[in-house]
Ligand code: CP
C-alpha cells in the first residue's frame, strides 16, 4: 500500500483493504506474545491528537505504536494550548516542528483529517471525524469478521441503530461492500439517512426480520445526546424496537449470529448484558484486534513492505 495518509475506506481499493487485513494477522501474533515488542518503527514518532473523548481508539493507537517501538506522544486537548485559543493548524505545525511523523486525529468536524493532510508533512490517520468516517474501526470490524467466519465475501451483514450520525456505519459500509458482503442497515426511520441505498445497501426497519436475515450484526451505540435533538422518543422505546435483547435472540431458535459492537456500549439500551456477554458477541476480540489493525496501518504508512515481515 503506497499511501501517505489513511483518511477513509471510501478511497481505498479492495486490494489495499486486504493488504491491511493480511498484515494485521502477524501483528496480532506479536501482541499474543509475552514480549510484545518488535523494532520496526524504532526512531519514528507517533502522536495522537483527539478533540473528542476516546478510550479504545486512542489507547490502541498508542499501544500499537509502542509495540512497534515508536516514540509516542498523546496530546490531551483539554489541557493543551487549544484551551488558550491555539488554532488547529498552529497545533499541527507545533507537533510537526517537534519531529512527529505520524499523527492520528479525532475531531468532531467531518473533513478535519483531510484538511490536516493537505497542510502537513506528517502522515495523517483519521481516528474518527464527525459523521464521516472511522476507518480503523471498520478495519478492525472486518478483521474480526474474517477471523471468526473465514471470509467477508457473500456474508449478510446488518448494521443496526443510529446510521445517520455514525461514522462507524459509513466506514463499515464502504469496506463491506468493497469486500463483497451484502449489507442491510436497520434502525428507526429518523436515524436512516435519505438515499442511503446509493451506498449499495438495503434498508430495513424491522429488527427481527433483520436478525433472521443476517450472518453478522454490528450494533451501533445510541448517542444519548440525539434524544434531545428529537431523533428518538425515549430510550425505553428504542430498546423495545431496536435493542438486542435475550427475547429477540431466543426467537432465532439457536441460529448462529456473530454480534459486534464498536463500543462504548449502552447496556440496557442498544444491547443487553445477556447479549453483550454471551457467546455470540465478540466485543473484546474487537478491542484486541484494534491494536493489531492499527499496528498494520502504522507499519504500512511508515513505508513497511507488504510481506508484513516485521521481526
Ligand atoms: N469505538 C470507538 O471509537 O471507541 P472510542 O470512542 O472509545 O475510541
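Each residue, glycine too, has its Cβ placed from N, Cα and C.
Please treat TrEMBL annotations as automatic predictions, because they have not gone through curation.
As given in TrEMBL:
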- 56, 57, 106, 134, 137, 263, 264: carbamoyl phosphate binding site (BINDING)
- 84, 167, 221: L-aspartate binding site (BINDING)
- 4-147: domain 'Aspartate/ornithine carbamoyltransferase carbamoyl-P binding' (DOMAIN)
- 153-301: domain 'Aspartate/ornithine carbamoyltransferase Asp/Orn-binding' (DOMAIN)
Binding-site residues near ligand 1 among 106, 137, 167 (Cβ under 6 Å): 137
Cα distance (Å, whole number) from residue 106 (carbamoyl phosphate binding site) to residue 84 (L-aspartate binding site): 19
Which binding-site residues sit within 10 Å of residue 167 (L-aspartate binding site) - Cα, from 106, 134, 264: 134
Largest CA-to-CA spread of L-aspartate binders 84, 167, 221, angstrom: 32
DSSP three-state assignment for residue 263 (carbamoyl phosphate binding site): coil
Carbamoyl phosphate site shell beyond 56, 57, 106, 134, 137, 263, 264, criterion: Cβ within 8 Å of Cβ centroid: 54, 55, 127, 128, 168, 262, 290
Rounded to the nearest Å - Cα separation of residue 57 (carbamoyl phosphate binding site) and residue 221 (L-aspartate binding site): 15
Secondary-structure category, per DSSP, in which residue 106 (carbamoyl phosphate binding site) falls: strand
Among 56, 84, the one of these binding-site residues whose Cβ has the fewest neighbouring Cβ atoms within 10 Å: 84
Cβ neighbour count within 10 Å of residue 221 (L-aspartate binding site): 19
Carbamoyl phosphate site span - longest C-alpha distance across 56, 57, 106, 134, 137, 263, 264, in Å: 16
Site with most surrounding Cβ atoms, counting all protein chains shown within 10 Å, from the binding-site residues 263, 264: 263
Nonlocal residues around residue 134 (carbamoyl phosphate binding site), in sequence order (Cβ under 8 Å, 6 or more apart): 57, 126, 127, 128, 167, 168, 170, 171, 262
